[in-house]
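Enquirer: Below are the features listed in Swiss-Prot for this protein:
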CARBOHYD  Asn196  N-linked glycosylation site
CARBOHYD  Asn322  N-linked glycosylation site
CARBOHYD  Asn352  N-linked glycosylation site
SIGNAL    1-28  signal peptide
Amino acid sequence: MGRFAATLVGSLFGLGLLLCGLGRLASAEPRAPPEKIAIVGAGIGGTSSAYYLRKKFGKDVKIDVFEREEIGGRLATLKVQGHDYEAGGSVIHPLNLHMKRFVKELGLSSVPASGGLVGVYNGKSLVFEESSWFIINVIKLVWRYGFQSLRMHMWVEDLLDKFMRIYRYQSHDYAFSSVEKLMYAIGGDDYVRLLNQTLRENLKKAGFSETFLNEMIAPVMKVNFGQSTDLNAFVGAVSMTAADSNLWAVEGGNKVVCSGLLQASNSNLISGSVMSIEKTRTKQTGTPPKMYEVVYKTGSEIHSDFYDIVLVAAPLNRKMSNITFRNFDPPIEEFNDPYQQLVTTLIKGELNSTLFSSRHKDQFGLSAILVTDDSDMFINSLSIVASVSHKEGPPPAVDGMHVWKTFSKDILTKEQISKLFLSYDYAVRKPWLSYPYYNPPQKCPSIILHDRLYYLNGIEFAASCMEMSAIAGYNAALLAYHRWNGNEDMIDQDDLYEKLKTEL
């Protein structure tokens, strides 16, 4: 959720999810496509699944996308004095090729993520300050941490080199029926184990020091996922890719990708809240019956419609979606896994730099401040941000004032804001349930809830970010397509990596 310099974790250059292109059709002869598909949720997962379902099933299927709030879901913006700023998913890695492809095919433009120098604060002083000189940063890191930053680079690179396999599988139209099977196909038991072990446990076994974990790793976890090193090791590795120096965003806000995908898929948007999904009791006839009835509310009116396939692309936590499943035998599992509250606050003000450093404010050059694990600060991070339409990064300060973004667990009080800023003109906040609470061992919710009922957001319990949601959307579309057409040989295949190497 922010741009963090690569030097915070040493030589973490060029890390990311390496993605392949999209590929061939399944070999089995497809039957007639379904008539109607419902997708619940118009975030990146829901709209990307609509996009890929259209590509797989063709032009004749009707796709309804339900959204009770705004298109984009947690890719939301906040307005400060007439300008929009990212409040949710903010940055995209240069090798997130799903997102890059969307931007290219939809005719959108990219902008560099907000840059600047970063510091790490322990509640008393800055334990690390980034320099504009690369060699100075290297000396600082080696002096304080030895070669642990280089070893961290190698650890993350090894994990993500394996993760790239999922994109080769998807480029050949292979799908997976569970998150665990997807993870196993990528890297075997060692990869699945990442979900069941904390990042701290993993890195301590690898020989990383407490000082390095507290000052270099925990701050990145806190700003990206609101937790420390107690989250699972896989989401920890994904989080570390935010140390890349070439992060970008979509001009106009990342949420415009969702509206673009919705339009490109020729889907029908229904602005309403889905109340229940019921398995129908329709008797079998010559044509496949509509298997599910979706009951939804628009304004004060309640409606319903029938669908062949339903994809749920919204968290099924009761505090977030509150969808009731009726007439399923066995019953659909309950989804009680908690999501974390995150409060995004945008403040236009003059930073109280003496809170972090004894230097005069004119000599305080940091644009972002992260906090260590043992800090008693009431925020997770603080950074200067640019509006979604500003191509050149944050504009120069006016009367010493910038627009700053903070992440915190609780709503900031006026006293807390006044502690952070010498003065401020404006503050706007958005509290929301932003991502799962990671508590390994991590069991991911099922993807297949019923014969033609699919759940995308279980992948968030492996890691939550835009690209993971796009991967989940593509996987769900492939899974629905293959199961509709009986292409069992395209689902959960063993030894795919070796098989595809042989094909090449």
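Just so you know, the numbers here start at 1 and follow the chain as drawn.
Heads up, the Cβ atoms here are built off N, Cα and C, so glycines get one too.
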Enquirer: Within 10 Å of the Cβ of Asn196 (N-linked glycosylation site), how many other Cβ atoms can be counted across all chains shown?
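Expert: A 10 Å sphere around the Cβ of Asn196 (N-linked glycosylation site) contains 14 other Cβ atoms.
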Enquirer: Across all chains shown, how many C-beta atoms besides its own are within 10 angstroms of the C-beta of Asn322 (N-linked glycosylation site)?
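Expert: So the Cβ neighbour count for Asn322 (N-linked glycosylation site) comes to 12.
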Enquirer: If one looks at the chain holding Asn352 (N-linked glycosylation site), which residues at least 6 apart in sequence have a CB under 8 angstroms from its CB?
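Expert: In sequence order, the residues whose Cβ lies under 8 Å from that of Asn352 (N-linked glycosylation site) (at least 6 apart) are Lys419, Leu420, Phe421, Leu422.
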Enquirer: What does DSSP call Asn352 (N-linked glycosylation site) in the simple three-state scheme?
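Expert: SS state of Asn352 (N-linked glycosylation site) = coil.
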